[in-house]
Every structure is written in structure tokens, then in C-alpha cells.
Amino acid sequence: MAKSGLMVTVLLSILVVHLFFLFAASAGEQSVKEVALVEIGSQEVELNFLQRAINFLWQKGRLAYTHVWPEMKFGWKIIVGTIIGFFGAAFGSVGGVGGGGIFVPMLTLIIGFDAKSSTAISKCMIMGAAGATVYYNLKQRHPTLDLPVIDYDLALLFQPMLVLGISIGVAFNVIFADWMVTVLLIILFIGTSTKAFFKGVETWKKETIMKKEAAQRLETNGVEGEDVEYKPLPGDSNQKTEVSIIENVYWKELGILCAVWVAILALEISKNYTTTCSVEYWALNLLQIPVAVGASSYEAFMLYKGKRVISSREEAGGNFKIHQLVLYCCVGILAGVVGGLLGLGGGFILGPLFLELGIPPQVSSATATFAMTFSSSMSVVEYYLLKRFPVPYSLYFVAVATVSAFVGQYVVRKLIAIIGRVSLIIFILSFMIFVSAISLGGVGISEMIYKIENHEYMGFESLCSSSNS
């Protein structure tokens, strides 16, 4: 069941990413087939229909997209946006999903940014929250093993491919029309909220069983029924839960991850000094592939040969198979594409995948957030070079997300221990994402109707001309 659930998630994610490419291709293919079958007298009608479809989706040399950047001034919008962003970053940092499902609707519906600018600013907020969370987790230990809570081998397998996918996703964000990004957001938000709800139900049932078992043990020991403290995973009582950063970091693996990040960042910055869509531009883009693939392939080879192990797995002693490693690397790219395109953290895909691998929730959350720190910071640099967000607004919301992540890591963990129900937070997060999907859908549909009535361009955009804007 776990493997089938993982495959369904992967297939649905792939469907979301390629939805509009298939739509455009099928529309053109269907029109061509119909033209070949009809009589000569009706060919002009079919050709006119095909031409209108092409003009709707693509107009060469036309840059129709206009950013909507509201003026930054103190008012109710800033206050409400700050509150929503604060709680979104707190819950997102604890869950390891980044909070993009909360940030993007808030920036679009409350603050008033367009969908693409909201995506870019959301990545800035994810970077701030993820950075603060990683700093907090660098001192934390594994809940059951004498290891760091961040699984560096797991991160080394996924992070390079995640960063590579980010570059692809950012390019898609530029090319896709505003309404396309909105539809993709709605699909992913509804899917995420549904999955989170069922995860909350499952967690609630497990918590109920754990609390009953703990109460029975207390009664056996002659202690009256008291409130039982929630402990997600049993561990050694003598084991340290927090140590210094120096002794808790795997510096070799961290060095490789940083080297990959620096190399791809250097290529991205170098692109900014070339003519857009020139030979040098595409050469620098393609050079990212051997850098990312090389790092992940090195880790995959070591895992395949058994020279390295992902110790956090339930079956840590078993070696990976080739098709498993290839699938995981592809999922890493997919997570990056979704993150770069929609402004979400890769944790929406990596988190469930890590859980399917048998990684404890604490380690899954910490490792997914660790990988998101690299990918989100890469997105921010790319969006900045493309001039996709206003700097003052971004700096403000980055500060909000950073402070919120620190507070969330401390307060939410205490809250879980007090109420004994971590599933409550999952239910709240699911509800907020679902409401965001409905609200964003309503606004998106109204904007689509407005553009249709005013005959505004709603098709694909040119990456080359958009990059220069």
C-alpha cells in the first residue's frame, strides 16, 4: 500500500507539471487531424480555428504580462498578511512543507500581488523560514538513534536534483500564463489539503492508541490516570536531544552540498551577463546538469554498493536497487520543478516520499527543510535576476517568516507536548490550504472572465523576452 500510494503521488505530480504542455500539444494535434479528414470546402474553417487557438496561446514578439506590485504602506493588508504569514511559516517549518500553500494565497488575495510575483515572494519567505529551521535543527539529535536529526546522506541524494529542478521550474513560471499558474496552484492545494487531512486522521488514530497504552501502563504501576505527554517516537532516555553544531554536522556531506549550490549559483549569475537565449546562455544552462547529476550519482553509487547507508530508514541495512535510486532522483527533479513553478517548498513532495521510505517524521521534516534551504535560496537568486519581485516587500516578509520559524519550532513543539495531539496542527494546516484553494480559485476565475471580456492576451510568453523585462 505504501509503494502504491507513493507511485500515485508521483504520477499525479507529473500530471500537474505537464498538464498544459499536453493540452497545447493535443489541441494542435487534434486540429491537424481534423483538417486532414474534412473536405476541401471546410479546410478554411478548421485552419481559422487552429489559427485562433495558436494566437490565444502564443503571439510571437508580444509581452503581455504585467506585474502587479502594490505600494508598501502600513494598513490592514500588511497586518493581516503578517499574521497569516507568521502562522503559515510556523506550521510550515514544523511540518517541513515550507508554507508556500499559505504564502501564495495570502500574497495574492490579501496583499494584492499578481500570481507570479506572489510565487517569487513566497520563495523568499520559504528561504527565510527554512534557514531559521535548519539553524534550529543543526543542534538537534535523532529521536531514536545516536545521529543528527538531519540525514545528510538522504539530503545528498535529493538536494542536487532538487536544485536542478528549480532552474527548470523558474523557467516554466516565466513561460506559463497567469491563469495557468493559478489553475496549477488550485490543483496542488486541493490535493495537498486532502492528503494532509487523511494524514491527520491517521495520526489521530495512532495518537489515541498510544495514549490508551500509556494510560494502561500508568494504571499498572499504581498511578491514577493523568494527562499523558505526547511522544511521537520512543527513544533512549539517556540520549542527548541537543548538542553543539560543531559535533552534530557531517561536514564532508555538507561541503559537497554547498559546492553544488555554489557551482549552480555561479552558472546562474554568469547567465545574467550573457545575451538571453544566446549560445552562451544555453551552454551555461546545460552545464548545471553534469554538476547536479554528478553529485547525486556519486551518492547513489555509494548507496548501491553499500558503502553508505541512510541510517534513518527502518531497513537501514538493505541496499537500494538501481530503479529505486533512479526514481528517487527523478522525484527530486520533479519536486524542484513544482517548487520553482508554483513557489512551493519541495517538501510537499519530498516529505511524503521520506515517510514512505520509513524515515521518522522528525527526521523527514528536518531533512526536507534542509534540502529546501538550498533550493529556495537558488529560486530567490533566479527570481531576483529576472526581476520578479519587489525587494522591500520581500525583505519584510523574509523577516516575518524567519522570526516565525524560530518561534514555531519552540512553541509548536511545546503545544504538541501539552495537548498530546500533533494531528490538530495537521488538521488546521489542511483547512487553511483548502480555504486558500477555494479563495484563490474564485479570484482566478474572476480575473480570467475579466481578461476574456476585454480580449486580453492569455497565452504562453517568451522566456527570452520575459527574461529581459
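Numbers run from 1 along the shown chain.
Positions of Cβ are set from backbone N, Cα and C atoms, glycine also.
TrEMBL: automatically predicted annotations, no manual curation.
For 1-27, the entry in TrEMBL reads signal peptide.
Taken from TrEMBL, the feature transmembrane segment covers 78-108 (among others).
Positions annotated as transmembrane segment by TrEMBL: 120-138 (among others).
Taken from TrEMBL, the feature transmembrane segment covers 158-190 (among others).
Residues or ranges marked as transmembrane segment by TrEMBL: 249-269 (among others).
TrEMBL lists 281-304 (among others) with the feature transmembrane segment.
Per TrEMBL, transmembrane segment is recorded for 325-354 (among others).
As annotated by TrEMBL, transmembrane segment applies to 366-386 (among others). Sequence-remote contacts of a segment are chain residues at least 6 beyond its ends whose Cβ falls under 8 Å from one of its Cβ atoms, and for the transmembrane segment (366-386) they are 93, 96-98, 120, 123-124, 126-127, 130-131, 133-134, 137, 140, 149-151, 154-155, 158-159, 162-163, 165-167, 169-170, 174, 257, 260-261, 264-265, 268-269, 271-272, 312, 336, 339-340, 343, 345-347, 350-351, 354, 359, 466-467.
Annotated transmembrane segment per TrEMBL: 393-412 (among others), in sequence order.
The transmembrane segment annotation in TrEMBL covers 418-445 (among others).
Between the transmembrane segment (120-138) and the transmembrane segment (325-354), the number of CB pairs under 8 angstroms, six or more residues apart, is three or more, so the stretches are in contact. Sequence-distant contacts of the transmembrane segment (281-304), counting only residues of its own chain at least 6 positions beyond either end whose CB sits under 8 Å from a CB of the stretch, comprise 153, 156-158, 160-161, 163-164, 167, 256-257, 259-260, 263-264, 267, 270-271, 274-275, 310, 319-322, 325, 328-329, 332.
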